[in-house]
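Asker: This is the structure I have questions about; it appears just below.
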Amino acid sequence: MRFAVTKVCGGGGKARVGALHIGGGGIAIETPALLLSTRKGLPSFVSCDHLASLPLPDSLLLHVCPTHFMEGPPLKTISNIGGLHHMLGLPDHILVAAAGDSIESLPSSEATNKFGASFDTPSGRRLVKPSDYMELVSCMKPNLWASLADEVPAWVTDKRNKISVDRTLRWLDACIALDADSGTNGFGVIVGGSSVEQRRLCATEVSKRNVSGFWIGGFGLGENIEDRCSLLNAVTDCLPPEKPRLVSRLGLPEEVLEGVAAGIDLFDSTYIYQLTMGGFALIFPIDMVEREIQNGTFNNDGGDSTKINLRASTYRKDTSRLVDSCNCFTCQNHTRAYLNHLLNVHEMLAQILLEIHNTHHYLHFFRSIREAIKVGKFDLFRQQFVKKRRASITAAVL
């Protein structure tokens, strides 16, 4: 794996564009970028053939959870097949493995102990030790993996935060030692809850290890939104700039923009999945950077809503596309009325079509972020997007 920062915001900003090169084939992914969440290797409702219709190479990044494969095909079978790439039929995709279900929940801190992290499985809760975890990783053969982590919610005590950091660092050392022979690309996990001091300590210690990048965990677990920015900056200030940073559970557009402003390169979230399950479709403008800039502001009067609820009766007779300018499979072939019908008769095709559109739309949102950084307009892009979003929410409440 190779990573290079190609553009940094001026004026002391941290937002940056980078290029992530994976494998001998030289596949390059521009960052900031989104990891698509999966269930046992594939997005919940998008099949392999429809994955190919999503924007490339943006859609090549997939987050997989090793603990999903603790019960199923024997690990030796997965290894003999050639790893997950061959088992899933996705030889060109970039699989990023990290413990913890990206859709359901994180490990239970009550059941986690000094030996390993505790996870829910179909046959009950299981304790996963670093040796068990690295056996999973070894058989799955992902492109990148993150070490085990003891993530805790924001309201725990300082003592529990310290224990969390100590365990995470100890497990990281164990994972690195177990992976010494294979030489794969491991990310060190940074935790510390809502403690700025523990976050800095963990980030400083992880940066001393032989890791290829950094996975920033423990966010989206009840922390104060106002404090999140200082926590993110406390971490990124301690990290070397030449390695990629990935953060979990920051998925709302505003949260993504906040993370980018702090210098985050990769995002792992369930935002698309949650929207799809709720029957929502993203419709916000994503071409703000390409629009003419007048008087220092984006001319973005074409719409201020972020999403629409397609279960609503107002869409029963709406024969328009979700987004007129969108060229995804869903928008090119189906109407809002048809999606409303599918949702209200509980047809799974509704989720398939919605996830295709929402994924396509959100990947283009990340492209707009990168373009804004490249042209030196990221701060303006962020301010205008958040302003429009708040205006939309206020109007909905009133």
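Positions of Cβ are set from backbone N, Cα and C atoms, glycine also.
Heads up, TrEMBL stuff is auto-annotated, nobody curated it.
The following feature annotations were taken from TrEMBL:
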type	residues	note
BINDING	CYS326, CYS328, CYS331, HIS357	Zn(2+) binding site
DOMAIN	14-390	domain 'tRNA-guanine(15) transglycosylase-like'
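Relative to the rest of the structure, where do these features sit?
Answerer: The Cβ of CYS328 (Zn(2+) binding site) lies under 8 Å from the Cβ of SER53, LEU54, ILE356, HIS357, HIS360, HIS361, each on the same chain and at least six residues away in sequence.
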Asker: Other than CYS326, CYS328, CYS331, HIS357, which residues of the chain come within 8 Å of the Zn(2+) site, judged by Cβ distance to the Cβ centroid of those residues?
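Answerer: Other same-chain residues with Cβ inside the cutoff are ARG321, LEU322, VAL323, ASN327, PHE329, THR330, GLN332, ILE356, HIS360, HIS361.
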Asker: Check each residue in the chain of CYS326 (Zn(2+) binding site) that is at least six apart in sequence and keep those whose C-beta is under 8 Å from its C-beta; list them in sequence order.
Answerer: HIS357, HIS360, HIS361
Asker: CYS331, HIS357: which of these binding-site residues has the sparsest Cβ neighbourhood within 10 Å?
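Answerer: Counting other Cβ atoms within 10 Å of each of the binding-site residues CYS331, HIS357, the minimum falls on CYS331.
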Asker: What is the pLDDT of the domain 'tRNA-guanine(15) transglycosylase-like' (14-390) when averaged and given as a whole number?
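Answerer: That region's mean pLDDT is 88.
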